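Engineer: Provided herewith is a single structure, encoded as structure tokens, for subsequent inquiry.
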Amino acid sequence: MNATERREEIINMLKSSSSAISATVIAKNLSVSRQIIVGDVALLRASGERIISTTRGYILENDKLNKDYIVKTIACIHAKKCIEDELTIIIDEGAKVLNVIVEHGVYGEIKGELHLSSRRDIKEFMEKLEKYNIDPLCQLTKGVHLHTICCKNNEIFETILKKLRKKGYLL
């Protein structure tokens, strides 16, 4: 398989998957190194493919999602210990947490792609923070951060806001 065929196969794998696929899994399936896949993904992005890197692997940006759901950004503030609770409130209402964004004094906007849609996703995210002893992005800004979320309608969005406000998580 040459490089062009491999990149086509990466796109096919991402299109046919309902969840994120790690570079390691793709590499094993295509019998190349993880680093080759990372390079291929960079080249695919440069050629216009809308590949998103999440904490669990790669996904293709879904235009259908943007048409069937409302996408809104919320401003939050809370301590590190409240991250799991905040994310769970959003997910339990049927929404998806697409990312976290902080405004850094030197670097400007820093965005981390999350794409969390289940309690299992949240658990895996929290375990990675713990396992690798990584501070979440909101630690850079004393707890202040944004989340882009998507949900089916404004009623769900308003319910999420109400619950986050009640906990003191909204800015």
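Each residue, glycine too, has its Cβ placed from N, Cα and C.
Please treat TrEMBL annotations as automatic predictions, because they have not gone through curation.
Keep in mind the model is a prediction, meaning the values are calculated, not measured.
According to TrEMBL, the protein has these features:
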DOMAIN    6-59  domain 'Helix-turn-helix type 11'
DOMAIN    74-170  domain '3H'
BINDING   H78, E86, H145, H147  Ni(2+) binding site
Engineer: For Ni(2+), what surrounds H78, E86, H145, H147 with a Cβ no more than 8 Å from their Cβ centroid?
Structural biologist: I74, C76, I77, C82, I83, L87, V100, C138, G143, Y169
Engineer: Where's the emptiest Cβ shell within 10 Å among the binding-site residues H78, H145, H147?
Structural biologist: H78
Engineer: Just to be sure I understand the packing, how many Cβ atoms besides its own are within 10 Å of the Cβ of E86 (Ni(2+) binding site)?
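Structural biologist: Result for E86 (Ni(2+) binding site): 23 neighbouring Cβ atoms inside 10 Å.
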Engineer: Over the span of the domain 'Helix-turn-helix type 11' (6-59), how high is the average pLDDT in this prediction?
Structural biologist: 91
Engineer: Please work out the helix, strand and coil residue numbers for the domain 'Helix-turn-helix type 11' (6-59) from the DSSP assignment.
Structural biologist: 32 helix, 8 strand, 14 coil
